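Take a look at the structure below.
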Amino acid sequence: MKALNDSYDVVVVGAGPAGSMASYNASKNGAKTLLIEKSQEIGTPVRCAEAVPRLEDFGINPDPSFVKSYIRGGYLIAPNGKKIVVKGGKTDGYVVERKVFDKFLAIRSGQAGTQIAVKSRVTKIEKTDDGYNVFVNYLGDEYIVKSKIVIAADGVESNIAEYAGLKSKKNPKEICSCAEYEMTNVKLLNNEMMEFYFGDICPKGYIWLFPKGDTVNVGIGVIDSKKRAIDYLDEFLTHPLVEGRLDNAVPVEFKVGGDPVGGPIKKTVADNIMVVGDAAGHVSPLTGGGIGLSMDCGLMAGDVAAQSIKAENYSEEFLDLYEKKWKEKYYKLLMNDLKYKNILQKLSDDELNAIANSIPENLEEVDVGKLAIKIVAKAPSLLRHFKELL
């Protein structure tokens, strides 16, 4: 196996979608790039529901090797069983096999020129006059590699950003605990529609059913200390809302993880470093979804890294172009989603039912701000929750 070089233009830590897209764009634009992944196999372990937006928007062909289902929309299901159908262009997407998809993104990066080090761990980084010394345990051997730019894409528990003095540690109260079964013999409402369930069955979160070809991802995300996520999920499997639809369901895989739903970190750049993906809080606080957002922000980080190398300017002032780019496109959306999440977490089952009865049964998208007017008009008692949106 090829040893690591003494120096690189860019070192990306973490080969999830954000890291692979960042390294891909950095390499494609001429930067000598190293991508470091702690797992021995990229894409494992899988920790999410595996839904992604339209891949065509990223110039990626939705290959059947990793695309398991085409998604046209979803059902929002209130505690009383009332269904709201959300279906339109913005809701189109796919459910993928993350083990294959993540590896595909890494292969694509490798083909663009990135060197990839799997089963490798960054133990620390040290600031130098012109970049960072990155300490790497690579297949059991210790290396110190120099890098002009470091991109921290090392997930929700990011240490790399912390090493650089950027505050990336997440408040435990803002980490959504997730558990998921991949199951066969599940009867879906529609094989091209996702299902979302809300209420006391999943405190401060939701339960999802995502079509995945011959299987279905049945999962939950909760922010609650009374019971484990898996306990709530097991109770749901026999809940009247899904009566007769999961009776013969058989699990073929089990996944757990944590989702940062407290919004983006305050600062994602400093001299010689950028933070991206879950490490940066590039996750919707409302839905917990973040693959597409992380991919896009990864592309931005890789592009700015390559520009930085060409300009021989690795300062915070130069790299701030990355922060300006992602904030211009996503910051308002993320902060609005944080506001909506905080409102929805306070709602009782009766109030959720009242909302379901107040809004149209068919929507093209879920815009909580716009829906608030209709909700309050039909259920004035909910004004105390939604008044800041009016």
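Any Cβ shown, glycine's included, is placed from N, Cα and C.
Site annotation for FAD in Swiss-Prot covers Ala18, Glu37, Cys48, Ala49, Ala51, Arg98, Val122, Gly290, Ile291, and the matching candidate from Asp9, Asp130, Asp278 is Asp278. For the binding-site residues shown (Ala18, Ala51), fewest C-beta neighbours within 10 angstroms: Ala51. For Val122 (FAD binding site), the same-chain residues 6+ apart in sequence whose C-beta sits under 8 angstroms from its C-beta are Val13, Ile36, Val134, Phe135, Val136, Asp154, Asn159, Ile160.
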